[in-house]
Amino acid sequence: MFGGPFKYFGFESFSAMIIRCILTACLLLANLMTFATAFDNAVSTLQNNRCPGIYCGRQLLSDGNWSRCGACPRGFRANSSSACMPCNSSPMSYDWMYLGFMALLPLTLHWYYIDSYLQSRLFFHQQSDGPSFTRISLSFHASALVEVVLSVVLTLLLMEPKGSLTVYSCPSFNLSDWYTLLHNPSPDYKYTLHCTQEAAYPLYSMVFVFYALCVIVMMTIRPFLIWLVIPSPSKRSKPTIPLPLPSHGKATVYSALYFLPILALLHALLAGLIYYSFPYVMIVVSLISSAVHFACKEDQSARKLFKSTVSNVRNVVILLGHWLLHAYGISCIIPLQVSTNCSQ
């Protein structure tokens, strides 16, 4: 193209290189425009052909097309265009309060049964105000707290993103989000399109993981605690002292092996109802339980009830525990109203 001195300095090869770069850029631009057009067509096709039902969705395939309507994978949820989108938002404050309530359930039941079994041998050896805490009962109460906290931490570490205490979630907008099994559509009443999935991810599944870890951690720690803290009757210097027996310590384990599966069953059936009603349940149950605690006293005079409460550490702890649960339930009502208004 160039002659004379231009050819000597290599301008002809330089111009050819520029032409090749321009052609390559034009080819890449054409490919990008083709891909963008195909993606826009796929999106418009998806919007014009939404999946039936509330929870059925399509997945974007590697070739730019959409899959058939069906259940979204775990950790995904169908949006308004029936596209399966990943759950990558943070739980709302009410979600964390709900998870806190689910963690308080086994802890409260642990403490109740520990107090019932380990303190029962002291009722007839102390005053009518009831027994106070002992070293053995405090050890079991602390063990239950450690077991539940350790189970909570392990549950958070097992959820996405794994190895972190943060959680990715999809918000729960309606009660139906917890019962997607009841909302499988039947197009033209000819067949059922199964789209059952965990729409309230991971608030539904992580509770089952938490209960399973509670059993594992308890069966790992509690037997050693019974062996270390509660001596056998043959090794006691004064057998007449009303100390708990090893059978009483084992009873605390057996009771947990009963109520943890029951809690899991209730969660499987009533998770959505519990999610939206647990603040009111806590308020009502704390009031009733506090009233029952005072009703069990023999002397029902106000002076005697006040004296027995402030003079016994156990009664003070029980009363403060009821107040804290009552306050927790009240504090959960405002986030519930906010999340309900946001979903409408």
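Just so you know, glycine gets a Cβ as well, placed from its N, Cα and C.
Under 8 Å from some Cβ of the transmembrane segment (96-114) lie the Cβ atoms of residues 137, 140-141, 144-145, 147-148, 152, 203, 206-207, 210-211, 214, 251-252, 255-256, 259-260, 263, 267, 275, 278-279, 282, 325, 328, 331-332, 335, all in the same chain and six or more residues away from its ends. If you look up TrEMBL, you'll see 96-114 (among others) marked as transmembrane segment.
Within the same chain, residues 103, 106-107, 110-111, 114-115, 118-119, 165-168, 202, 206, 209-210, 213-214, 217-218, 221-222, 225, 229-230, 243-244, 249, 252 sit at least 6 positions outside the transmembrane segment (135-159) and bring their C-beta atoms closer than 8 Å to a C-beta of that stretch. Taken from TrEMBL, the feature transmembrane segment applies to 135-159 (among others).
Feature annotation from TrEMBL assigns transmembrane segment to 208-230 (among others).
The transmembrane segment annotation in TrEMBL covers 251-270 (among others).
The transmembrane segment annotation in TrEMBL covers 276-296 (among others).
Proximity of distant same-chain residues to the transmembrane segment (316-338), defined by a Cβ-Cβ separation under 8 Å and at least 6 residues beyond the stretch ends, is recorded for 92-94, 97-98, 100-101, 104, 108, 133, 276, 278-283, 285-287, 289-290, 293, 309-310. Look at TrEMBL and you will find 316-338 (among others) tagged as transmembrane segment.
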Task: Beyond the flanks of the transmembrane segment (251-270) by at least 6 residues, Cβ under 8 Å - done: 102, 105-106, 109-110, 113-114, 117-118, 140, 204, 207-208, 211, 214-215, 218-219, 222-223, 226
